[in-house]
Number of protein chains: 2
Amino acid sequence: MSAIRPVFYVSDGTGITAETVGHSLLTQFTGFSFVTDRMSFVDDVDKAHDAAARIRAAGERYQVRPIVVSSCVDSSLGLILEESGALVLDVFKPFIGPLEQELNATRHSKVGQAHGMVDFDTYHRRINAMNFALSHDDGIAVNYDEADVVLVAVSRAGKTPTCIYLAMHYGIRAANYPLTEEDLEQDRLPARLRPYRNKLFGLTIDPERLQQIRQERRPNSRYASAEVCKREVSAAEAMFRMERIPTLSTTHTSIEEISSKVLATLGLQREMY
Amino acid sequence: MSAIRPVFYVSDGTGITAETVGHSLLTQFTGFSFVTDRMSFVDDVDKAHDAAARIRAAGERYQVRPIVVSSCVDSSLGLILEESGALVLDVFKPFIGPLEQELNATRHSKVGQAHGMVDFDTYHRRINAMNFALSHDDGIAVNYDEADVVLVAVSRAGKTPTCIYLAMHYGIRAANYPLTEEDLEQDRLPARLRPYRNKLFGLTIDPERLQQIRQERRPNSRYASAEVCKREVSAAEAMFRMERIPTLSTTHTSIEEISSKVLATLGLQREMY
C-alpha cells in the first residue's frame, strides 16, 4: 500500500498536452496512488504564484513532494512553479534546444497555439465531419458514397463513439452500419455495403460483454439475452472472416485505440486535432 | 519560403501522446512547412526497422534531416529509429529518470497503457456520458437534473461539439439549451433553466461568423440573415450579462479550449480520457 502522491498538470493553455504526457508517464509506474489536478490557463505571473501556493499546500497536506507536469509555453511561469518545492517536469524544455538547433530558428513562446485558436477551414472540416457522423449514425437511408470509413458491427459494439472520435479528432467522415438479425442470417456482406468494400471495418466484441451492455440498455429483453448476443457476434465474425473485412475486438480496447487501428488499417493519413 | 521538413510521430501504441507533444512543439516554430506522418503500433523490432527505413527515405526525398517524435515505451525501439539518421525526440526519456528517482521505483515498459486497455468502469462513464450528450442535444423535453453542465446558446454557436467533447474526454454529462427567438424576446433566463443556474455556461459567437455557418446549413433563410444573427447574438449576450452567466466566445476558440474553460469556470475536476 502506498501513500497518496499529488500530481498537477499545469499549463498556460488548455493543459491537454501536459495531461496527455503526464498520464502516459504515470501509467508506467504501477502501485502508486496518484491524485491528479488540472490547472489550465495559468497564463500570468499572479496565477503562477497562486498555482505554486496550491501545489505547496498539497505537499504539506499529503506530507510528500508533489509532482508537476507543466506545459507552460512561457518558461518564466515554469520557474515560478518550481518555488512550490515540487518535482517539476517541463514537457517542452528538453526538446526546444535540439529543435532550435536542428531548425536553426528560435521558437516563439506564444501561448495556446496547440489547442487554442483555430482557423475556419480546420473548424469546418471538423464540424462537418461531426455532423456527418451524427447524421449517418443509424445506417438507415444512408448514402455511403461520401464516407471515408464505414464501421460495421452488431448493435452496441462501439460503432457510434468510434465514429464520433474519428470525426472530432481526425476530420474523418465516419458512417456506420448496424448488422441486423436479417443480415446475420446471410453469410454474405449486406447488399448495401458491397460497393464500399474498401471502406469497411468490422468491430466485434466479447458476447458476455455485449450482453452486459445491452442488459443495461434494455433489461431482460430478447435483444440482451446471452443466446442472442452469442449468436449475433459469432455470425458477424464469420461474415467478416468470409468477406475478409479487417476486424477489431472492442472488448478491452479504448475508443482512441480503435480509431488509431481503423486509420492505420485503411491507410487514412489525417493530422490529429 | 522554407523547404519541406518531414516529421514522423512514431509510437508502439496509438501515437496520440507523440502527436500531441509534437504538434505542440511544432506550433512554437513558425514559417516552416512541416509534413507530418503518424506511425502507430510500431511495437516490434521488425516494424521499427521498417519505420526507420521509411523515415530515412523521406530524408532522402526531401534532402533534409527528418524529425521524429517518438513515444515508444520500449526504449530499444527508439534506438532503432535513430538509425534513420533523423533527429529523434523521445517524449518520455527525459522524465523517466527524475520520476524513478522521486518515486524510488522502476518504471515498467508495458506498451499501450495510456490510450489502450480500459477497464469497464471507465468505459461506462465515458459511454454513458456520450449517450447522455447525444440524447440531451436538442433541449426539447430534457430534464437537466442529471446534467453536470448545461450549455446555453443560440443555434449553431458550438453547443453540440462541445457537449460531445466534454462527454468523450471527461465523462461529463453535458446537456444544452438552444435559445429560441421567444426566449430572446425576454431579458431573463428561460424558466426551465432557472433551477440550474450553477450549471449554466453561455456560448456566444461573432454574428458574421454565425451567419456564415447558418448560411451553409440553410442558404438564404431568414435564420441565416445578417439581421437575425446580429439580433439573436446581441440578445443572448445581454441576457448572459444580466443573469451573470459565465460566457465564452467560440469564434476563434477550439472545441478543446471551450471545454477546458467550461471545466475551469464551473470548477469541475475530472481526469481526462
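Note: Cβ is positioned from N, Cα and C throughout, glycine not excepted.
TrEMBL has this to say about the protein:
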type	residues	note
BINDING	A:ALA153, A:VAL154, A:SER155, A:ARG156, A:ALA157, A:GLY158, A:LYS159, A:THR160	ADP binding site
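Secondary structure at A:ALA153 (ADP binding site), as computed by DSSP, is strand. Counting every protein chain shown, 27 other Cβ atoms lie within 10 Å of the Cβ of A:ALA153 (ADP binding site). The Cβ centroid of A:ALA153, A:VAL154, A:SER155, A:ARG156, A:ALA157, A:GLY158, A:LYS159, A:THR160 marks the ADP site; residues of that chain outside this set whose Cβ lies within 8 Å of it are A:ASN176, A:PRO178, A:LEU203, A:ILE205, A:THR250, given in sequence order. Residue environment of A:ARG156 (ADP binding site) contains 24 other Cβ atoms, counted within 10 Å of its Cβ in all protein chains. Every protein chain considered, the tally of other Cβ atoms within 10 Å of the Cβ of A:ALA157 (ADP binding site) stands at 27.
Neighbour list (A:SER155 (ADP binding site), Cβ cut-off 8 Å, at least 6 residues apart, same chain): A:PRO178, A:LEU179, A:ARG214, A:TYR223. In the three-state DSSP scheme, A:GLY158 (ADP binding site) is classed as coil. Taking Cβ-Cβ distances under 8 Å and a sequence gap of 6 or more within the same chain, the neighbours of A:LYS159 (ADP binding site) are A:LEU151, A:VAL152, A:ALA153, A:ASN176, A:PRO178, A:LEU203.
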